[in-house]
Amino acid sequence: MNDFVNQFWNWYVILFVLVSIIACGVLLWMQSVPTGGKGDTTGHVWDETLEEYNNPLPKWWMWLFYITVIFGLVYCAFYPALGSFQGMLGWSSSGQLTKELAKADEQTKPLYDKYMKMDLRTLAADKEGNETGKRLYLTYCMQCHGADARGSKGFPNLADHDWQWGGEPEAIVQTISAGRVGMMPPHAQIGAETIKDLANYVRSLSGLPADSLRVAKGQEAFNSVGCSGCHGPDAKGMQALGAPNLTDKIWLYGSAESSIIETITKGRTNQMPAWKDFLGEEKVHVLAAYVLSLSTGSK
Ligand code: HEC
Ligand code: HEC
């Protein structure tokens, strides 16, 4: 119920509502009283001879309006309509949404029970399951990963075969349930020249044009400054840390030398939110199967 900070607004609303309803009634009553004698006209003439009688509105018509006024007053007495007055029935909309959601969950429960009994790969190949998954995806995931799940800068593509955190069923469930925080530390301290060497080396790994002298120096630095500790000595990444494979043509932040330099200099921190508490295990299961289906092509 409304909690007004002071009584002024409470009474303001009550008066406003009551005066409006009563004013409607008074206006009606004024319209129903004849203002002239029987057979008088308003003085308007159309088409030379057509005149308008000055008669009140028909009785049955007026009564319909009176009934709406009475209904309004009765409604205000029973339901919350007057300031912070609860209404004589004590009805309230609070908790209604929770009740309705609980009811909806009750109805879909048998379906989710069935999905929970299917392992993720089987569910990923199930047409009906994927339709449910897609609906959930479009409600909860699309804002960040895109309607087609192909992602955008900083938001990974979920429809490819490249996985930052792992594409095994358990890894996907873990990602969605508990969320992930990807942390690439800033490396400004190693100096702009070394960073440029590294950027050239990283570009060369996926076959992009690079300065060969810098590539050689960058390769050395990759191990000596500790990049290999997270991205692996072969730069193929490490899913346990969310460190991306740097040898493929898939980029989270872009392949331009300037983007790579920015990544190395300033670092990157990125977060996938956790969903288990909000969506529950069943929905996470269905979503994980849907994500799996996107890359296995069994849509
Ligand atoms: C607020 C934005 C946001 C929303 C909403 C979001 N994600 Fe993510 N998601 C991310 C980010 C950012 C990452 C990458 C995290 C990182 O870089 O470590 C990510 C990563 C992932 C990954 C890991 C990809 C890989 O290559 O390992 C999966 C799977 C995923 N999200 C699925 C989902 C699903 C399913 C939903 C809907 C329930 C969802 N996401 C909703 C931002 C979001
Ligand atoms: C502590 C572990 C760690 C170290 C050390 C580290 N990285 Fe990273 N790096 C990551 C993680 C995690 C990400 C992904 C960040 C995200 O999720 O947004 C990343 C992202 C990147 C990217 C972006 C890839 C893309 O697809 O856009 C590049 C490039 C990169 N690192 C290069 C390097 C280089 C070069 C070094 C050495 C100077 C280095 N990293 C050191 C963990 C690390």
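Using the three backbone atoms N, Cα and C, a Cβ is placed for every residue, glycine included.
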Can you tell which of Met184, Met272 TrEMBL lists as binding heme c 2 with Cys227, Cys230, His231?
Met184
Could you count the residues of the domain 'Cytochrome c' (128-206) that DSSP puts in helix, in strand and in coil?
44 helix, 7 strand, 28 coil
Three-state composition of the domain 'Cytochrome c' (213-295), taking helix and strand from DSSP:
47 helix, 7 strand, 29 coil
Neighbourhood of ligand 2 - binding-site residues from Cys141, Met184, Cys227, Cys230, Met272 with Cβ under 6 Å:
Met184, Cys227, Cys230
Using a Cβ-Cβ cut-off under 8 angstroms and a sequence gap of six or more, which residues of the chain neighbour Cys230 (heme c 2 binding site)?
Met184, Met238, Leu241, Ala243
